[in-house]
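Reviewing the structure listed below.
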Amino acid sequence: MAAAGPSLPGCRSHVTHTMAETLLQASRQRRAKAMTAAAGSAGRAAVSLLLCALLALGGAYVLDDSEGLGREFDGIGAVSGGGATSRLLVNYPEPYRSQILDYLFKPNFGASLHILKVEIGGDGQTTDGTEPSHMHYALDENYFRGYEWWLMKEAKKRNPNITLMGLPWSFPGWLGKGFNWPYVNLQLTAYYVVSWIVGAKYYHDLDIDYIGIWNERTFDSDYIKVLRRMLNYQGLQQVKIIASDNLWEPIAASMLLDPELLKVIDVIGAHYPGTHTVKDARLTEKKLWSSEDFSTLNNDVGAGCWARVLNQNYINGYMTSTIAWNLVASYYEQLPYGRCGLMTAQEPWSGHYVVESPIWISAHTTQFTQPGWYYLKTVGHLEKGGSYVALTDGLGNLTIIIETMSHKHSKCIRPFLPYFNVSRQYATFILKGSFSEIPGLQVWYTKLGKPSERFLFKQLDSLWLPNGSDSFTLELQADELFTLTTLTTGTKGSYPLPPKSQPFPRIYKDDFNVDYPFFTEAPNFADQTGVFEYFTNMEDPGEHRFTLRQVLNQRPITWAADAYNTISVIGDYKWSNVTIKCDVYIETPQTGGVFIAGRVNKGGILIRSARGVFFWIFANGTYRVTGDLAGWMIYALGQADIRAKKWYTLTLTIKGHFSSGMLNGKPLWTNVPVNFPKNGWAAIGTHFFEFAQFDNFYVEAMG
């Protein structure tokens, strides 16, 4: 499909296509994109340009490098983690998993991201789940846990030049020595973080470019200095420090008051800055990044948000990099911030995924720039709303990005966006300096809004500038995005449509019999507190040799309100009537306990207040049925022949307003009333942070 509109009278439009003529007949008075570039004789060209100039009742904007350039561009990126946002991606079957990765990372194909920022798993709940640490315990090191290593390698495979960043959200509990605080022993925490960087290189040949401090939490100036010294001691001088992944203050003021701190921090990273910075941050003369932004539903409003901040973060706030949370929405949609990724891939069981509009918004910048390019000094706002930036590689190439996102269609999830107006306008761009001889520009176009008017990253006819002409005029409407560039390498990549969306299978089972698992976590289980990993049970060479084990024995240094019980959810949130069956093994005598559950209605940062139907057994010979994870709402309790170090089979059936449970196939409790919630996930978990094993998980949903 092609996008265009009516030409200006007397002006040759280079954006008119057959499809656009059809569009025009349906909405002649509505929208246009007129580009003045003449064709034919020089005289005719002069008349056309004059007429276009007369009609171009709008601003004139000079793009010039004669007086030098602006700040160096550091790239556009996205976050995997913070947390468990890529959890379901790893379970996708091929070829769909590789297609998703291509849309994210392959140069000149889709989002073509310049930066991948990952969570350094710390075993704690960090928004939509937990990510495992490479050091669960003090003497434990394993650089194959989780999926961020794999994701970084896949990104590098597609783009060897991609920038890699690591940032902790939570930390394993042993670092706190009894306190919920990572700065008890500065050297120990620095060692923990540096070991992750060293492990990335040693085991995966990954060079980490930037390392952060503690996501959206307190920084410690002495810790940052210790971290820098330890990096240098390990020969990692090239690894740069970004701080503090929170607000501009107090980090900026602290740097101005502390020359050593100023020296060791390379980049100030702020979250959700609303396109603005502060004076202290500018006075440091450091690079300024929006190191987490977006977090918005990936519909067209989210795309409008993303388009606006990608331009205006630099125009208003001098930020030379913007990083979206999150990379891909690969987590159960009913978890917090569902579908807040650049694209959606939350159905590994079906293979279905959606290339959402923020992917193509990203492409408008990423496919026509690279880190190391420079912004021009001549960037800014359009007279009647919207903005423009221009970047150059210093070798003659120029990329101009123009956005006219309206207030209504570009609200991000945060911060508050003051009202502004965008109206139809003509914008004339005048090329000066080394750009005055550019003969023509490639044109890429997006229009967000009504389906009948909507176009995503469409290549239009090239804009040719006749000899002697150093300007062109665009007619701009609201919610449009233009990229005009000398680069000819842009592509709107595509694959055949993926399979249709399907609900989670109504009957699902997993015996965890995987001898050498590629990933440490079982497919589709989404850990919400604690960490559940494949385990080889050397003590039981028989039926339960391969199990799923909860491996944390200590509460992590938390980032969010982790539950006091561990829990992993699975399935379809719409499930109401279910039977859940699982073999369980309590490892802790007397105080240990495990559960299976249905209709679990909350997860992520809300997990502590999750409701549902929870069937518990304890090593002290008791059972309990509760309506919440915390165990305050007791529906039933009693004695049972249960002890630690022995396998039991639990069965939970929930139908309508009643539930019942069986122990080893025999009824233990029946017809316990359940009025709330009406639906939710299935789940397994433990009474506290304790070792326990699960096997032969089975769920059957009846509706």
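Glycine residues also receive a Cβ, built from the backbone N, Cα and C atoms like all the rest.
Model confidence over the domain 'Glycosyl hydrolase family 59 catalytic' (73-367) is summarised by a mean pLDDT of 98. Annotation source TrEMBL lists domain 'Glycosyl hydrolase family 59 catalytic' at 73-367.
Taken from TrEMBL, the feature active site, proton donor/acceptor covers GLU216. Around the Cβ of GLU216 (active site, proton donor/acceptor), the same chain contributes ASP245, ASN246, HIS271, TRP559, each under 8 angstroms and 6 or more positions distant in sequence.
In sequence order, VAL79, GLY82, ASN215, ASP245, GLY269, HIS271, TYR272, ILE323, ALA324, TRP325 constitute the residues six or more apart from GLU292 (active site, nucleophile) in its chain with CB-CB distances below 8 Å. The active site, nucleophile annotation in TrEMBL covers GLU292.
Per TrEMBL, the feature domain 'Glycosyl hydrolase family 59 central' maps to 375-490.
Feature annotation from TrEMBL assigns domain 'Glycosyl hydrolase family 59 C-terminal lectin' to 527-701.
Shown for the domain 'Glycosyl hydrolase family 59 central' (375-490): DSSP residue counts in helix, strand and coil, namely 6 helix, 53 strand, 57 coil.
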